[in-house]
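Asks: Below are the features I grabbed from TrEMBL:
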TRANSMEM  21-40  transmembrane segment
TRANSMEM  46-67  transmembrane segment
TRANSMEM  88-109  transmembrane segment
TRANSMEM  121-141  transmembrane segment
TRANSMEM  153-175  transmembrane segment
DOMAIN    219-351  domain 'GGDEF'
Amino acid sequence: MNERRSRNSAKPGLSFVRRAFLPRAIGLAVGFFAVAGVLWGRAEPLWLWGLLALYCYVWPLVAYRIAIRSAAPYAAEQRHVLLDSLMGGFWIATIQFNVLPTVMLLSMLAMNNTATGGARFVGLGFLLQLVGMGLSVLLFGFGFSPQTTQQHVYACIPMLVVHPLTIGLVLYRLAIQLGKHKKALRELSRTDSLTRLFNRGYWKDCLQIEFDHCRQARQMASLALIDVDNFKATNDQHGHVTGDSVLRTVGERIRQSLRSEDLAGRYGGDEFCIVLPHADPALAQEILERLRGEVAGLRFAEAPDLRVSLSIGVAGFDPRLADATAWLRAADHALYEAKRLGRNRIVLAPAEDDGTVRMSDSAPA
Ligand SMILES: Nc1nc2c(ncn2[C@@H]2O[C@H](COP(=O)(O)OP(=O)(O)OP(=O)(O)O)[C@@H](O)[C@H]2O)c(=O)[nH]1
C-alpha cells in the first residue's frame, strides 16, 4: 500500500492533476447553468441535454480518475484541458454565440489553457475550440444570435462568481505550499545531512557575519574548532556505520550543550565548528569543557568498549585580526596544539600580543 503511494507520488504531474480537479469540477458545475440558460425554451433534442449534464457533472470525475491512473498524469491532464477547449467551442456554437456566456467561456478556457501549458496551449486550445464549433455547425447548422437577455445574465452569475473564487483559493493554497517548500529547501541547503548542524558553507557565512558584527559593535565572541580524536581508528575497528553514529551523537551533544545563540556546524569529516557570540575565551572554555565531559561519557550499544574524546581549539575575537579567515586560522592552530599536546583537551589560542598558548585547566595529565 505504502509502496503504491510512493510510486504514485513519483509520477510527474500528479499534484497538478489534483490541483486541477476542483476548478474543473466547480467550473463545469456552474458552467452548466450558463449554457442551459440559453438552451432553455428552445426545442433542443433530449440527448443534447444529456450530453451537457454528463459533460458538466460526470466528465470532471472521469478526467480525474483517468489522469491519476495514467503513467504520465501531466500529459493526460493536458489532453483533458484540450478536450475541454473542444467542448467549449462546441457549446459556444450551440448557444449561437450568445455574447455574455461566449465571452465568459472563452476567457475561462484561455485561463485554464494558460495555466496548463502557457501561450502554446492557448493557441492549440483556440484551434480545438474552432473544431468544436465546426462539430456543432455540422450537427445543428450555423446560428448567430448574440443577444443576451436578463435570463441569460442571471444564468451566468454562478460561474462569474464561483469560478474566480475557486481559482483564487487554488492559487492561495499553491502560494502557501510554495512558501513551505522554499523554507524546506533553504533549511536543506544550510544543513549537514548526517548531524543536522549547519553545513560548512552556511556556517562560514555565519562566521563572516559574526566577525563583521564584532568589529563594528566592538563585541566579544569566540570561535571553536573541534576534532574527534583518533576517528580513523574508530572507523577501522568498529566500521563506518558506528563511525556515523558517533558523528551524529557528537552533533546532538553539541546542540544540547550550547546556548541558543551559538552557531554550530560540521566543518567536514570528523571536525565541527562553533561560533559563540558574546563569549570571551574563558566562557567559551567553560561551555566547551562541559561538552568535552559529556562526550567522554558517551557509550554506544553497538560498541560498548568505544570511548570518544574531543580536541578543541578556541580563539577569541581580536580586533587586530585581518579577516574571518585569520580568526579561523587562529582556532585551527590552537586545535593543532591540542592534538600535539596529547588530544582530549581544550587549547586557547594565544592573545595576539603575548604569543603564548594557554591550556585548559581540565586537560587530562
Ligand atoms: N564514518 C565516517 N567517517 C568519516 C566521515 N567523514 C570523514 N570520515 C573519516 O574520518 C577520518 C578522519 O581521520 P583523520 O582526519 O585522519 O583523523 P583522526 O583519525 O581522527 O586522527 P586525529 O585527528 O589526529 O585524532 C577519516 O578516516 C575519514 O575517512 C563520515 O561522514 N563518516
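Yeah, the Cβs are placed from backbone N, Cα and C, and that goes for glycine too.
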Asks: Looking only at the domain 'GGDEF' (219-351), what are its DSSP counts of helix, strand and coil residues?
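Replies: The breakdown for the domain 'GGDEF' (219-351) reads 59 helix, 33 strand, 41 coil.
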Asks: Near the transmembrane segment (121-141), which same-chain residues lie under 8 Å Cβ to Cβ, leaving out any that are not at least 6 residues past its ends?
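Replies: Result: 78, 81-83, 85-94, 106, 109-110, 112-114.
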